[in-house]
Structure formats: structure tokens, C-alpha cells
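Enquirer: Found this in TrEMBL, in case it helps:
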TRANSMEM  A:27-48  transmembrane segment
TRANSMEM  A:60-88  transmembrane segment
TRANSMEM  A:100-123  transmembrane segment
TRANSMEM  A:143-162  transmembrane segment
TRANSMEM  A:206-226  transmembrane segment
TRANSMEM  A:238-262  transmembrane segment
TRANSMEM  A:274-296  transmembrane segment
TRANSMEM  A:321-342  transmembrane segment
TRANSMEM  A:351-369  transmembrane segment
TRANSMEM  A:389-415  transmembrane segment
């Protein structure tokens, strides 16, 4: 195989994805920017008028911001976890999804912590967290974990991008000058020599193992923010592994949705194939079984022990939040299991549908972990008017939530404009190792 | 097929939003609530009397859902037969409580048995019906003595009422609670019954006092049919001084964390950052090799 000509072919194949904008893609980006601006307007109102404009009050001090924070951060951790496993164990079909996973990891780790900032009533005192940290506080552990994980994920993502930056630098004749300069800068002189290749593979492999460990630590610390308190519904010994499983569940779900959309809109049917969806679907099935098991254990032990406050919480969940509870913990688990368990249901669309249900169920599951517990506190507080006890999100919170989702998609699209969504270097490595024949990973070969 | 897939997804999203309707708004309907109007009198240690009315709406289905009636005008009256003497008026607070304090020398209308009938009255508004509550009490005189009998610290309670001629009548069969003042609330140290106008018990030793070693003891009659609420207190230097609190070190609640936390955190962070640095060094080497290759190519 002539590696240089193969690189040129791949660049030629992926260039339209990087350079050309269609009318619909511009409209789509415009809509996303619109959502982000709407969120910014809501943010300005929140900063000027204070948290009064949100539904958060003395009892329910955490609302959908913290739910979005957990959701995005868990998404990131699960992305890092899955990506690390794909690289570390050299999974055969990693080329098709590894970059999607890596981008999800980094983008959600940027978006997630923004939501925690929105929860803070006195943003002007934010630096106190760093000036006067209490090492005993899980919040401090979480800050350390998130910052470390963010840096680790950035380094890891960058390592996986370097060979592609080098390929783009050497084979992009018709690209604007700024883009070529950017590729040259980011490729840091990588020439794909055996020494450089071995060195890069070595540090990428070590970083992938590190990323798995970091994700587990960060997941655990995030769960401890809840489980180390004595609040009913939170004080649980299995919360950390439960969070890991739940995070993986939502992570795999979002990856499947992203695979479906990217495959459809960039016409990458020959790279992201049914076999990949089935593989991801089976993983989703295993995780959904685990998630269902953890959810059952969690609620069953609370119901059986019947401590006063736990019983109050379950009563709230089964009355006030009945349908949300059913959707989050029954439909959100059982529908994906049924679809993914039977072979004949395993089509690309049904697997994606199962993933959508799983992701929606998971978001609602987070809502049910946070809000009902805060609505049933241990200690009565002064001036407990009903609107202070019961939480309902305001348009400001919804605007910022949708802005977060829009920003996530926007960043995702922007990164896809910088590097191909299918790692070219991965395809080269794959073919170099002589496996290309079995898996036919390129359009070229299909022709 | 493509359209139907999006239809499915959209209907699920809409369904979930519909099902989660109660996260958007909560409505309160007055017909779901039962009004609770309560009235009590509390005689204070200085002889003054607090009249307190509480006005709260309670959800018929969910007893935890209580809505205090705010800014309601409550009139307090002294009643004897047809005669009604206004004692004062107050608006309910955010907690639904209206309160007035009557001085020690307040004149009350009394019946032949010496009973004072007091009334709390809410006249009603367009939305809320009027409410009234009446209590009938006797004026009780409660004395609390903290004395030492044969070196034994003793709490002595004496209670009497006065008849129409001013003769003292000892109080009988009345439950009393003895407590001491704490930082946040009162701590009960004894409960008993006043017989023949008196009750006494031995004060437990070893209770902490304030900075001067003083301890404040309360004698409280609670929600009595004949006397309402009555509070009396006395202070004596019977408390022991708290030993100087030794500040804990390296605990979860001290300023410095347990040593093991620093050790674990340091190991974790050093391990991770060493790996970051290691990666950085290798990236630098890759860059250096690239530059050398570039120079070599240029020279050739």
C-alpha cells in the first residue's frame, strides 16, 4: 500500500465535510446560534435580577441546572471511559466511532460545568472556592476532579488528532492559508516516522488508561456530592457505581444518536455501518440491564427498610411524580431492553429509537434524584411558603438548558469542520496492519 | 419510514413534557383547604400576658401542605356576658400568627369564679369566612424558687389563684414541666404535678451554665384548660463552667483535614500530573524530531 497516495485519497474524500457548507447546514447553525443567544439573554436577566427569576428557592436550591450539569458531566465521563477502552484494547471497529466519542467527551465537559456556575447565587465569590478550599468537602474534590479530567481529556483528544492534523497539513492544497497554518501548528512537526508513530501510540495508550481511571474517580466524586449527605434518596452506598452505570447508559445512548445523525447527514453509511449500531446496541442492552438492576436495588432497599423520610420520598415519587417515575425507571429501561434483546428488532432506526428513550429516561431519572429529595427536607425552615417548597423551572432555566444543548451541538459541528469525523490515521493504521480486507473500512475499497 | 421514526421521537418528547406537566406550575384552590384558627394565652415570667392566634389553611388531602394566612386582621377581646372589651388588634405574620402583649397591670372583666374570657376574632373577607375562638382562664400566680435545703439544690414551685376576696387558693392537680435554658432551646429536666399548691424536686448537678456559671430554670404549665400557658423562670449560679474546649485537629470538621486525605489527594494528583508532564515531554520530542526532519529535507 502506498501510504502517501492513500492519505491523499482520504483527504480528498473527507474534504467536502470540512470545507463545504450547504444552505441547510447554514440554517441549522443559525438556529443553534439563535438558541445560544436566547440563553445568553436569559443569563443576563438572571445575573441582573438574581436567582429570583429561577424556580430555585430555600428548599429546592438545585433545579434543572444541576440536572444538566450531572447529565453533561456524566456524558463526558462515559465518553472518556468508552474512548479509553476502545483505544486501550484496540477494538477492531474503533475507527468508526472513536472520534465521535472523543468529541462528545470534550464538548460535554466544557458545557457541563457551565451549568454549575449558573447555580451559584454569588458568582462574584466564585474565586473563594479556590482561595479557601476545604479539602474535606466533596465539592472541592469535584472541582479538582473536573479540572484534572478536563485537562486530561483535552490532552487525550489532542493526541488522537495529531496524525490527522499532519495528514491534513501535507495534503490540503486547496484550503485557505489560515487553515493550513493552523494544521501546521497543531501537527507539531509530526511526520509519521516509525519513531514518532511509536512514541505517539505509546503516550496515547497510557493516556487512554489514565482517562479510564480519571473517569471512574470523577464519576465517583460526583456521586459522593449527593451520597455523602444524609438526605433521603441520596445517602446510599451504591450511588457511585450507580452513577457510573447511569452515566455509561446515557453516554452510549448519545453516541448512538450522534452516530445516526452523522451517518445520515454526512452520508457515511460505508464507515458507520449496521454492525456498529448492533455492537453499540448490545452494549446499551447490557448497561440497561445493569442500570435497571441498580435502580431496583436502590428503591427496593429504601421501600423495604421504610425509614420515615425514605417512605415520605417514595410517597412523593409515586404520587406527585408518578408518570415521571414510570417514564424514567420503567419505560426508560424496559423499552430499550425489549428493542435490543430481540435480534429482529435490532435495526439502525429501532436501536436509535431505544437510545433516544434511554437518554430521555436518564435525564428524568436525574430530575427525580435531585428535586423530590429537596422537596422533602429533614429540617423545617423558616417561611416555608408552598412556592418555596415545590419546584418548577422557569423559562429562564429552560432557555439556558436549551442553549446548553445548542452549544453542545454547535461545538460538535465546529470541531467536525476542523478534522474529519472518521480518523484518517486510524484507517491508515488499520490498513497498514493488513486488516482492511476483512472490514473494508473505506469507500475506496467498496468501489 | 424516516418520517415515522421522527414522529415516534417527537411524540415521545412531547409525551414526556406533557407527563411532566406538574413541573411547570402548581395551582392552589381554596376549596381544597381547611381553615384552622387557634387561640391561646401565655402568661409570661414578668406577669405580662401574650395573646396569640394562629390562622393556617391545611390541605384536606396533604396535611404537609400548610398555607399560613398572611396579613389577616385579628381583634382580641375580653368578654363577659354581652359585654366585649377590645384588648388590641394585630395582623397575622408570614407564619399566620397574630400576637399582642398585655401588661401585668391590665384590667380584665372576670366572672364570679374569677375566670377571664378572652376572644380572638377574624371578621372575614370576600374570600375567607369569619372565624372566632374563645378561651376561659383563671389568673394563676406561679413562683419558682431555687433554694438549697441541707446543701441540696432544690427547685420549688408554688402556685395559687386568688378568689374574688383576694384569698389565695392553692392550685391542685396541674401538670408542670421544669426545663433549663440551652443555647438553641429549653432542655426538660423534670415533669411533675402541682399538689396542694406546690411541687419541688432535687436539681440535677453538673449542668453547664453560661460564662458566669448561671443557669436559668423554667417552670411551664402548657395548654391547661383552666390556666392556659404559664411560664415562670429564675436564675441561679448553679451551673458548672464548661471546660475550655480543646480544638480538634485534622478531622472532618476542623480547619485542617485528616492527614490521610492530604496523602491520598497528593498521590492521585502527582500521579496524574506526572503522566501529563510525561506526555508533554514526548510531544516535545515528537516536535523536535519533526523540526530536525524538516531541516534535513531543506538541506537535501
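Residue numbering: from 1, along the chain as shown.
Here the Cβ of each residue, glycine as well, is placed from N, Cα and C on the backbone.
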Enquirer: With a Cβ cut-off under 8 Å, give me the same-chain residues at least six positions beyond the ends of the transmembrane segment (A:238-262) that come close to it.
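Expert: The answer is 71, 74-75, 77-79, 81-82, 96-97, 100-101, 104, 216, 219-220, 222-224, 226-227, 268, 272, 276-277, 280-281, 283-284, 287-288, 290-291, 294-295, 297-298, 348-349, 351-352, 354-356, 358-359, 362-363, 365, 412, 416, 421.
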Enquirer: Can you find at least 3 Cβ pairs under 8 Å between the transmembrane segment (A:389-415) and the transmembrane segment (A:206-226), where each pair is 6 or more residues apart in sequence?
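Expert: By the criterion, they do not touch.
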Enquirer: Can you find at least 3 Cβ pairs under 8 Å between the transmembrane segment (A:60-88) and the transmembrane segment (A:351-369), where each pair is 6 or more residues apart in sequence?
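Expert: In this chain the transmembrane segment (A:60-88) contacts the transmembrane segment (A:351-369) - 3 or more Cβ pairs sit under 8 Å.
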Enquirer: Report, as numbers and ranges, which residues of the same chain sit near the transmembrane segment (A:100-123): CB under 8 Å and 6 or more residues beyond its ends.
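Expert: 43, 46-47, 50-51, 56, 62-63, 65-66, 68-69, 71-73, 75-76, 79-80, 82-83, 86, 146, 149-150, 153-154, 156-157, 160, 251, 254-255, 258-259, 262, 400, 404, 407-408, 411-412, 415-416, 421.
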Enquirer: Near the transmembrane segment (A:321-342), which same-chain residues lie under 8 Å Cβ to Cβ, leaving out any that are not at least 6 residues past its ends?
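Expert: Hits for the transmembrane segment (A:321-342): 281-282, 284-285, 288-289, 291-292, 295, 299, 350-351, 353-355, 357-358, 360-362, 364-365, 367-368, 372.
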